[in-house]
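For 93-217, the entry in TrEMBL reads domain 'Phosphatidic acid phosphatase type 2/haloperoxidase'. Sequence annotations record features per position, and here TrEMBL assigns transmembrane segment to 6-27, 63-86, 174-193, 199-219, 226-248, 295-314.
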Amino acid sequence: MESISLWQGLALCGIVSWIVISSSLNVTRKLRTLVQPWVSHHVITGTPMILQIQKYQHGFLDALFSGLSCVVSVPFYTAFLPLLFWSGHGKLARQMTLLMSLCDYSGNCIKDVVSAPRPRCPPVRRIIATKDEQENALEYGLPSSHTLNTVCLSGYLLHYVLSYTQSEDASLKFAGFAVVCLIVCLTGLGRIYLGMHSVIDIIAGLAVGFVILAFWLSVHNHVDSFIVSGQNVTTFWAALSLLLLFAYPTPELPTPSFEFHTAFDGVAFGIVAGVQQTYHQFHHESVPRIFTPQLTVLAFLGRMLVGIPTILIVKYCSKALAKWILPIVSNTLGIPIRSTSYIPMLKGSVTGKKTGEIKQSGYIKKLPVFSSQCSFDVDTGIRFLQYSGLAWSVVDLVPLLFSYLRL
C-alpha cells in the first residue's frame with residue numbers, strides 16, 4: 001500500500017511540476033519557434049508530391065480512402081469499443097480504450113505545440129466527406145492522427161490476437177503483420193490523396209505511433225493489473241485526468257483538439273472507474289465470449305439492442321445533470337465560471353472574445369495557485385462528465401442490465 005501510494009504521489013507531483021515549469025518558462029512557445037518553421041517548410045515543399053498523387057483522381061479512390069478514413073477515425077473506435085466490452089473481450093477493450101486515449105492526447109498535444117499548417121487548398125484538392133472530417137480539417141496537421149492511431153491500435157490488436165491464440169505458425173504471423181502494414185500504408189496514402197496531410201505529417205504519425213506502441217507493449221500488463229486490482233485507482237485516475245486537462249498546451253490559434261482530448265479523457269476515467277468497481281462481476285477472464293455456447297451471436301445482438309440505446313440515454317442525462325450541477329457547485333464555492341456553448345445564460349462573460357480562444361486560452365494558467373484567470377470554462381467540466389458517464393455505463397450499468405435480462 002505504501003509503495004503504491006508513493007508512486008502515485010510521485011507521478012502526480014511530476015505532472016504538477018511540469019505544469020509549473022512549462023508555464024513559467026513558456027516551453028510551448030519556445031518549442032513552436034524551433035520546430036514550426038521547419039515543418040511548415042516541408043509542408044510547402046511537399047505540395048508537388050500531393051498534387052502528383054492527386055493526378056490519379058478517381059471516384060473509386062475517393063470513396064475508398066474516404067471510407068477508410070472513417071473506419072480508422074476516433075468516432076469509429078469510440079463506437080466499436082463498447083461492442084468489444086460486451087463481446088467478452090474485456091481486457092482487449094480496456095487496453096485499446098486506454099491506448100486510444102494515450103494516442104489522442106499525445107497526437108493532439110504535438111499538433112497544438114507545433115501548430116503546423118495542413119496543405120494549402122487550393123492548389124491541393126481537399127475531399128471532406130463527413131462532419132468528422134470537417135472537424136479534423138480545423139486541427140493542425142502534424143502528426144497525422146489517423147496514421148498514428150492506426151499504427152498503435154492495429155499493432156496492438158495483432159499482438160493481442162497472436163497472444164490470445166498462442167499460435168506459433170510463422171505464416172499466420174506474417175499474414176497478420178502484412179495486413180497491418182497494408183492498412184497503415186493505405187491510411188497514410190489516403191490522408192495524402194484526400195488532401196488532409198503532407199508527407200511530413202504521415203512520417204511524423206508513423207514515428208510517434210511506433211514509439212507509443214513500443215511503450216504500451218512494455219507497460220500494458222502493469223497498467224491492466226493496476227486497474228483491476230490496485231489501490232486508490234479511481235482517486236488516482238480522477239486526479240490524473242484533471243491534471244491532464246491543465247497540462248494541455250495552448251495552440252497558436254484555436255482548434256477543436258482540446259475538446260477531443262477532454263472527451264476521451266472522460267472516457268478513459270469512466271472506463272477505469274467502472275471496471276475497477278465491477279471487474280469480478282462482469283470483466284474477469286472467465287466471462288462468456290462471443291461465438292461460444294455461453295454467448296451466441298443472437299444473444300450478442302440482443303446486447304447491442306439493449307446496450308446502445310442505454311448508453312446514449314446516459315450520455316444525454318449525464319450532460320443535462322452536469323449542466324445543472326456544475327454551475328450550482330461553482331457558485332457555492334465562489335468559483336467564477338463562463339460557458340461558450342452549453343449554458344446560454346453564462347455566455348455574457350465572454351463577450352468580445354472568440355469562442356475557441358476562451359476554450360483553449362492557457363488551461364495551464366487556470367490553476368488558482370498560478371494564475372489570476374478571471375473565470376473557468378464550465379463547458380470543459382460538462383464535456384468531461386458527459387463522456388465519463390457514457391463510458392461508465394458501458395462497463396457498469398449496461399452489463400448489470402445484461403445480467404438481469406440473462407443476455
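Any Cβ shown, glycine's included, is placed from N, Cα and C.
Values in this document were obtained by computation on a predicted structure and should not be read as measured data.
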Distant-in-sequence neighbours of the transmembrane segment (174-193), which means Cβ under 8 A and at least six residues beyond its ends: 49-50, 53-54, 56, 61, 64-66, 68-69, 72, 127, 144, 146-147, 150-151, 154-155, 158, 161-162, 199, 201-202, 205-206
The transmembrane segment (295-314) versus listed stretches 6-27, 63-86, 226-248: most Cβ pairs under 8 Å: 63-86
Surrounding residues of the transmembrane segment (63-86) on its own chain - C-beta under 8 Å, 6+ positions past either end: 92-94, 96-97, 100, 104, 127, 129-130, 132-133, 136, 145-146, 149-150, 153, 183, 186-187, 189-191, 193-194, 196, 260, 264, 267, 283, 300, 303-304, 307-308, 311, 394-395, 398-399, 402
